Every structure is written in C-alpha cells, then in structure tokens.
Amino acid sequence: MTSSGTPLNFLVLLATAKYKKLRAPLNYILVNISLAGFIFLTYSNTQVFLASLRGYYFLGYTLCASEAAVAAGTGLVTSWSLAVLSFERYVVICKPFGAFKFTSTHAAIAVAFCWIMGMGAASPPFFGWSRFIPEGLNCACGPDWYTNNEELGTTSYMYFLLITCFCMPLSIIIFSYSQLLGALRAVSPSVHRDMFHKG
C-alpha cells in the first residue's frame, strides 16, 4: 500500500500544484483526500514498517501517540471529505439553494471543516478521554478499542467516534446520493424522449 499509495498521492498533489486548471473549487476536496492519504502513508505507515521489522512498536509513547493520532485523524479527515464531496455534488447538481455558485472560499471552508472534524475527533486521547496504545500485532498504535476503562472513558470515546465520524458522514453520503439519484431519474425520461424524437 505504501509503495503504490505514496507516489500516487504525491503525483496528484504535484499535478494540482503544477496545473492551474486542476485547482478548480470542486477539486479541492479530492486533493484534500490525496493530502490526507499522503500524510498517513508517509508518517504513520513509515513507523509501522519500522516497527514490523523489529516485531513490536519500539519508538516510545510519544511517537506511538502521534502515529495513532495522525493515522486516526487522516482517516477521519478522509471520511468527512467523502461526505463533503457528496454534499458538494448534491448542491451543484440538484441546486437546493437555487443559483448557488460554489467558489474557492466555499471549497476552502469545506476542506478546513474536514480537518477540524477529523483531527478534532482524533485528539481527545491527548487530553485524557481514552488513550493511545499499541494495537493489533503491536506494530502500530491507535485509540484504545479493546478495554472498557470507565476512568478513561474508552467506551464513550468509541461511541463518540462512531456517531461523529461514521454515522454522521454516512448519513450525509446516503442523503446526498439518494437526492442525486432522484434527480437523475427525474431527468432520464425526458432525455430518452428527446433522443427518441430526434431519431
């Protein structure tokens, strides 16, 4: 994954920086997904790779916590980016707000929103709500998914992540694409009719 994902994400970022036409507002969120993936692959996966060579996470708690926060945060940024992407498409195609023009300012706010939601949701273990621990084969770190520690609130934090970074983005995606599908179905009979009359 790292060997293919890192250069591909880097190429997306490089192409966007080089070609002005790619820097359209509707592409901001796609670039944001590549940026989150690039950060995850270069920072977190590098540590996981080194730890895998040793057979355990040996880089200490500070790097463990930062690796976990970056991995969780960029993953959550990606999930929110997908939700925002679907909502953007809904706004542009279905026009629920009338003749709304999607500008660079709107796109920048959308990107900032994704990072605030993603990194904001990933950071509470730094402040005592849950904790970061080695997970899986002990070669990576993440939030404590495993224990029900009432003092640290590990279970409540998992519910918080479930609601804010899974249920909410998924609901936005389902709503947006169901509206897009409805709009497509409404348009398709007239398209078929026009094609039939032209033929």
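Using N, Cα and C of the backbone, Cβ positions are placed for all residues, glycine too.
Nobody curates TrEMBL annotations by hand; they come from automatic prediction.
The domain 'G-protein coupled receptors family 1 profile' feature in TrEMBL is assigned to 8-199.
Sequence annotations record features per position, and here TrEMBL assigns transmembrane segment to 26-44 (among others).
If you look at the transmembrane segment (56-85), the same-chain residues 6 or more away from its ends with a CB under 8 A from one of its CBs are 29-30, 32-33, 36-37, 39-40, 43-44, 47-48, 50, 110-111, 113-115, 117-119, 121-123, 125-126, 132-134, 138-143, 161, 165-166, 168-170, 172-173, 176. Look at TrEMBL and you will find 56-85 (among others) tagged as transmembrane segment.
Among residues of the same chain six or more beyond the transmembrane segment (106-127), those with a C-beta under 8 A of the stretch's C-beta atoms are 25-26, 28-29, 32, 36, 65, 68-69, 72-81, 84, 88, 143-144, 157, 160-161, 164-165. Feature annotation from TrEMBL assigns transmembrane segment to 106-127 (among others).
For 157-177 (among others), the entry in TrEMBL reads transmembrane segment. Using a Cβ-Cβ cut-off under 8 Å and counting only residues 6 or more beyond its ends in the same chain, the transmembrane segment (157-177) has close neighbours at 76, 79-80, 82-84, 86-87, 89-90, 117-118, 121, 124-125, 129-130, 143-145.
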